[in-house]
Amino acid sequence: MTSRNSKNSKKIPKNLKDDSKQMGKTWGRDKDIHPVTVLLSLLILLCCPLLVLAFWISCTHYSCSLYEPLHIFQINGISKETFNSVVIKNLPQFTWEGLKIYGIWLSFQAVLYAILPAKIGYGQRTPAGHILPYKVNGLLAWFITHVLFLTGAFYFKWWNASIIHDQWGTLFIAANIYGYFLSFFSYIKAYVMPSHPEDRKFSGSFIYDLLMGIEMNPRFGKYWDFKLFHNGRPGIVAWTLIDLSFAFAQYNQIGYVTNSMVLLNILHAIYVLDFFYFEDWYLRTIDIAHDHFGFYLAWGDTVWLPWMYTVQSHYLVRNPIDLSTNYFLAVLTIGLSGYYIFRAVNNQKDLMRRTDGKSKIWGKPAQFVRTRFTTSDGKEHSSILLTSGYWGISRHFNYVGDLLISLAECLTCGFGHLLPYFYIIYMFILLLHRIYRDDARCRGKYGKYWDEYCNIVKWKLIPYVF
Ligand code: NDP
């Protein structure tokens, strides 16, 4: 299996040259979007970077308190002077050193992605009918990166293990420079050198296209995939590396690493290692299979993910917490239960799709709806929608697992502040939005078969609740 239609990939099919033919909901992306959607997109483009900045300032200068800076405004009133002293004076600073470190880190990850031995995995069929090959070598890259980071810090003494924590502000600026560059580069690339022109979607709105992306699978050459690389490497490899560096920073500050920090590192490491161990499975999830590559993923993977998904470790450095054994075990149990659900549900779907439904679920033959769908090249294909096992409980029971893991990660921080709980609130909104997004996309893709499936599996997330 290789990229289908690859010979024609530089030609735009006639029916897509006139994008007025992309009527209504298509797979994953809309045309003629509502002005409210454009307005919301603009808000996301403006507010998300400000939110990350606000969190950075809060953690770096106010021990992760959201209340304290607001309280200063409350006492002194909203004035230019207060704004200068609370915000402007506290902004992260650009340094060439930060840019250099970030550049080396990113280039190193790009080289690992390109040269490490890889298994070739295949994504889901795209709306234009492509089945794309992907280099799957994230687990090896993760090990090499972490071993090198620790060896460089403790054996060669090239850097301090708390370097990421110590350079957190300058790295923030550097990552933003790259995140914005990547977003605009991807937007322009979609027009001037698209990888798979037939899989582009133009919404008619610059703002929406910049945010949600035009190209579905932008690539350099056959394998260098923007989505898989950026989500996996500057995003998810960084996740555990950042946690580790913040744990060392805590050690430097108080002389030991708290059990809350250890627990957080364990929970994040389980999730991250799972991601790379099952990287091939990830190729058929919504991120890779359906999302287009815009600011949402480009800036999201390079800035939002490394800064916001690790927010609990920023908190624990400033607010070291020793958990009681019972609390520790309770949080670990919630996290592991969440992980079990997350993995078991996702595995069931993956197994069923790989065997075309010819496997057993919970000891019984799988039940499913056999669907048909058409790609934009006019060809008809078949797929299955599982209706037994976890997938008979609700349409997104895998999200329940994710929410439990996220909750456990937040709970490692105790109940002193709101900021570490941002992550569970965010995950809840993200996954809820995904449920609606996915519903619209699947209805567009499968039509009456999706209705049939929804009639059998009535609940979206939690039976009898939602
Ligand atoms: P899913 O893996 O559930 O994928 C949804 C897709 O699967 C649908 O678009 C459809 O695609 C197919 N599908 C839907 N119902 C069925 C069914 N009954 N049987 C077979 N196939 C079905 O969703 P996500 O990609 O959103 O999530 C994957 C995992 O990643 C989840 O566990 C989620 O919690 C996690 N996640 C984590 C995030 C994080 O930031 N930590 C962010 C997002 C997700 P098609 O038919 O076209 O193949």
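One-based numbering along the chain as shown.
Placement of Cβ uses the backbone N, Cα and C atoms for every residue, glycine included.
Quick look at what TrEMBL annotates:
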type	residues	note
REGION	1-24	region 'Disordered'
COMPBIAS	15-24	compositional bias 'Basic and acidic residues'
TRANSMEM	33-57	transmembrane segment
TRANSMEM	99-116	transmembrane segment
TRANSMEM	136-156	transmembrane segment
TRANSMEM	168-192	transmembrane segment
TRANSMEM	254-273	transmembrane segment
TRANSMEM	293-311	transmembrane segment
TRANSMEM	323-342	transmembrane segment
TRANSMEM	418-436	transmembrane segment
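Two recorded stretches are said to be in contact when at least 3 C-beta pairs lie under 8 angstroms, sequence spacing 6 or more; the transmembrane segment (99-116) and the transmembrane segment (168-192) meet this definition. Listed as Cβ neighbours of the transmembrane segment (418-436) (distance under 8 Å, sequence separation of 6 or more from its ends, same chain) are residues 55, 58-59, 64-66, 286, 308-309, 311-312, 315, 395-396, 399, 402-403, 406-407, 409-410, 412, 460-461. Here the transmembrane segment (168-192) lies next to the transmembrane segment (33-57) in space: the count of CB pairs under 8 Å, restricted to residues six or more apart, reaches at least 3. For the transmembrane segment (33-57), the residues of the chain that approach it from at least six positions outside its boundaries are 69, 86-87, 90-92, 168-169, 172, 176, 203-205, 207-208, 210-212, 295-296, 299, 303-304, 307-308, 311, 314, 419, 422, judged by C-beta separation under 8 angstroms.
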